[in-house]
Amino acid sequence: MILRRLFHVLPAFAFTLFILVLLDLQLRTRSDQKPQNAHDGHQRTTFISETTAENQHRDGAHEKEKAEGQKWTEVRSTPPLELSDIFIAVKTTGRFHKSRLALLLETWISETKEHTYIFTDSPDADISSEGFNVVVTNCSPEHSHQALSCKMAAEYDYFMASYKKWLCHVDDDNYLNPGALLSLLMAFPADGDIYVGKPSLDRPMRAQELLEGNKTRDVHFWFATGGAGFCLSRNLAERMAPWASGPRFEQTSAVIMLPDDCTVGFIVERRLGISMIHSNMFHSHLENLLLLSPSDIPKQVTLSYGWFESKMNSVELKGVFTKDEDPSRFRTVHCLLYPTTSWCPVALKSALSWNQHVMH
């Protein structure tokens, strides 16, 4: 009887024991899984942090690109160069007022009157009364390097006292094309150290620089001949001040015993270590002007003329005026650039100007 009861109770006991063991195993398994879950949570947190960092980096890069874009836009939005930004200096002397200078006043200076300054050694009531900017210097009328440097010093000081961005120098036997000048200067950075012109030599200038104790040393440098014209940016002109402002320009000229245009090249290349930019758009009477083709003439910044071996050295252009009427060819050039000028032939007034041809 007892044995029979035992057989009835034993299965229930075994089943209960099995349930307890199973529960214990499940609890142990969950306990073992907790660190792994915590590790997974850490991984998720790390991933979220890394993702956030990546997003922040991406956003930062985007903001940097945006800022750079704005900076580029600001650079690109610099107002375009205008004729009013250029200080055009013409060097002359009293004995050429009625000849060389009169031709310039009649032609290209009539188009740039407000921005052109005439540096001379003699007062001229007739020219001043017509509203031209005449600067009468205290310089000698002689064609010596001291007298020439005296006038260049005046040009430099007057430019530095202005608000203008460029100083462009020409002589009284140059024709200046304002449109070509603007096209040239606009190709340069607004804040650059620019010295552009044309050398009269095919090699650097060689000179003797005077040193203390009556010693000298050989120096060589490129310079833009004043007879073809040249331009200086304001940034560069400001850097030239220790050797060019006030009486210093003439003092520097005396150190190398050379005229004004050589002195400019000496200051820029030797004192500042900046190279001159050579341009074939400037022309002096020292070159063969007949080699310029008519189609290229409207693209040139300056032209010139002069006598060479009893022959007139000027550009070759047919029509408008004869060579006897216009030996320099400046009037012919001017009428082709500005056909509506009052004294130009009537036949030209309905034609496209050279300027319009070039722009189109």
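The backbone N, Cα and C atoms fix where each Cβ goes, glycine too.
Lifted from Swiss-Prot, the feature list:
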type	residues	note
TOPO_DOM	27-360	topological domain 'Lumenal'
COMPBIAS	55-74	compositional bias 'Basic and acidic residues'
DISULFID	C139-C150	disulfide bond
DISULFID	C168-C231	disulfide bond
CARBOHYD	N214	N-linked glycosylation site
DISULFID	C335-C344	disulfide bond
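Secondary structure at C150 (disulfide bond), taken from DSSP and collapsed to helix, strand or coil, is helix. Rounded to a whole value, the Cα-Cα separation of C335 (disulfide bond) and C231 (disulfide bond) is 25 Å.
Model confidence over the topological domain 'Lumenal' (27-360) stands at 87, taken as the mean pLDDT rounded to a whole number. The disulfide-bonded residues in question are C150, C168, C344, and the one with the fewest Cβ neighbours inside 10 Å is C344. Neighbour density at the Cβ, taken as the number of other Cβ atoms within 10 Å, is lowest among the disulfide-bonded residues C139, C231 for C139. Here the residue listed as 'N-linked glycosylation site' is positioned 35 angstrom away from C168 (disulfide bond), judged by their C-alpha atoms. Here the C-alpha separation of the residue listed as 'N-linked glycosylation site' and C150 (disulfide bond) works out to 24 Å.
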